[in-house]
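K.L.:
Per TrEMBL, the features are:
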TRANSMEM  12-30  transmembrane segment
TRANSMEM  42-64  transmembrane segment
TRANSMEM  76-100  transmembrane segment
TRANSMEM  120-142  transmembrane segment
TRANSMEM  162-183  transmembrane segment
TRANSMEM  203-220  transmembrane segment
TRANSMEM  232-250  transmembrane segment
TRANSMEM  281-304  transmembrane segment
TRANSMEM  332-354  transmembrane segment
TRANSMEM  360-377  transmembrane segment
TRANSMEM  389-410  transmembrane segment
TRANSMEM  416-434  transmembrane segment
Amino acid sequence: EEAVFLRKKITLLRAFSLLIGSMVGSGIFISPKGVLKNSGSVGFSLVVWFTCGLLSMFGALCYAELGTRITKSGGHYIYILETLGPLPSFLFLWAEFFAIRPANSAVVSLAFGRYMLEPFFAPCAAPVPAVKLVSLLGYYMVLTLNSWSVTWSARLQTALSIVKLLALALIIVPGMILLAQGHTENFQGAFDRQSLVLDKLPLAFYAGMFAYSGWFQTSFVREELVRPERNIPLAVIVSVITVIVGYMLTNVSYYTVLGTQDILASPAVAVSFVQRAFKSLISVVPVLVALSCFGTMNGGIFTFSRTLFVASREGQWPPLFSMIHIRRHTPLPAVMLMFPLVTAMVCIGDIYHLMNFFSFSRWLFIGLATLGLIVHRHRHPELHSPFKVPLFVPVSFTIICLFTVAMSFYSDPVNISIGCTMVLSGFPVYYLIIHKQMSRHCRSPFYYLTHKLQLLLEVVQQEIKTY
């Protein structure tokens, strides 16, 4: 009885909640170990955390300008498609679907399961099979919610953003109190150069940037944002500054209470912090951390489904995934598609290996997207953008991204080579299937299957353009 399309339901508050909810998740509760391990000392790890925050702000500003120049949803994919062309955009889509997004979702899901079970097994570590089972249950709950309602997904994200900030406050406040009382012994010799290994620094930056990752999430839902020209830059700037301040204070609190050996030996840094700082909340903080991870899972599914939706609409993904449920107005097929890959990676994966595995591909294509901003400015100097950043911001961010990607081959050649192979495997797929139109003989059974699935899922093509 009414047009079927994705409604504009993301207000400024929901955009802010989406960004906060995506950034503050498992990263700040598991990445401190990875940053410290690869930077070598307390002082250098804090420098890495601040630098990663600054880089995230640069990247977020670039994406805010891209979001006002290019009016389609889709994030990295649509920006690379519109500025650098169809081949690199398909390679991103290929790597994102088969490597980046499922590995990222698996990392967050595993952190959710670990923190959810930690209070029940402390001081021992939770059994790995139980962690993976709870991780999958949490992921399936978020998947179901995103298939059911856009509004309720957005409301959950707003509520969990408040929970995330509360979890950070419960770590920051006792740490700052102890620091004010003179407990600075863990900061002695903070910049020990003997422990610094330069070829490990890219992995430290990967761990830090993973904690900040999420600053680009509004670009995935651009068509569903209310007043995007105003709300994208505003939500990005406020949220990234909030997260930088919160992360720096959280890490100082960690180091005030825990020594470097304690952090490196801990499977769950936030739980170890609570055990040392105040045992009365030993069962509360891990649950808050788990809920933070739950919010990050929700934000990730919410945004990545839009990438598949837009790629299908642009002709680089099967047409079924550009369809919307006739009553729920959710991109149901796109939401459900990640189910098998994430399940497999949760079952076989380890958090830190997965993190290095997907970080190479992610930062390669983010660097290409900001390179695309420079190209787009050069090609379209007449285009007026309501938000514009100085040229040195995209230039410096692109150079740092690509340099870090190149250096990571020396730091972790095995996982990085796997990620590189995954990207390159998209070349033959593009030239055999996407670049050359399928023959009518090949299309017929494919379209027959699509039609049957469309009837089963009760989905149809979007009826009006929202961009």
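Heads up, the Cβ atoms here are built off N, Cα and C, so glycines get one too.
Are these features on the surface or tucked inside, and what touches them?
P.N.:
Residues 63, 66, 70, 216, 219, 304, 307-308, 310-311, 314, 316-317, 337-338, 341, 357-358, 361-362, 365-366, 368-369, 371-373, 375-376, 419, 422-423, 425-427, 429-430, 434-435 of the same chain lie 6 or more positions beyond the ends of the transmembrane segment (76-100) yet place their CB under 8 Å from a CB of it.
Packing against the transmembrane segment (120-142) from elsewhere in the chain are residues 105-106, 109-110, 112-114, 267, 271, 275, 282, 290, 293-294, 297-298, 301, 339, 342-343, 346-347: each is 6 or more residues past its ends and has a CB under 8 Å from a CB in it.
Same-chain residues lying 6 or more positions outside the transmembrane segment (203-220) and placing a CB less than 8 Å from one of its CB atoms are 10, 15, 18-19, 21-23, 25, 27-28, 31, 34-35, 37-39, 45, 48-49, 51-53, 55-57, 59-60, 63, 66-67, 73-76, 79, 104, 107, 228, 231-232, 235-236, 239-240, 243, 247, 296, 299, 302-304, 306-307, 355-356, 359, 362-363, 366, 404, 408, 411-412.
Under 8 Å from some Cβ of the transmembrane segment (360-377) lie the Cβ atoms of residues 59, 62-63, 65-66, 69-70, 76, 79-80, 82-84, 88, 91-92, 95-96, 99-100, 104, 206, 209, 213, 216, 383, 391, 394-395, 397-398, 401-402, 404-405, 408, 415-416, 419-420, 422-423, all in the same chain and six or more residues away from its ends.
Listed as Cβ neighbours of the transmembrane segment (389-410) (distance under 8 Å, sequence separation of 6 or more from its ends, same chain) are residues 55, 58-59, 61-62, 64-65, 199, 201-203, 205-206, 356, 359-360, 363-364, 366-367, 370-371, 373-374, 377, 416-417.
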K.L.:
Examine the transmembrane segment (162-183) against the transmembrane segment (281-304) and state whether at least 3 Cβ pairs sit under 8 A, considering only residue pairs 6 or more apart.
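P.N.:
They are in contact.
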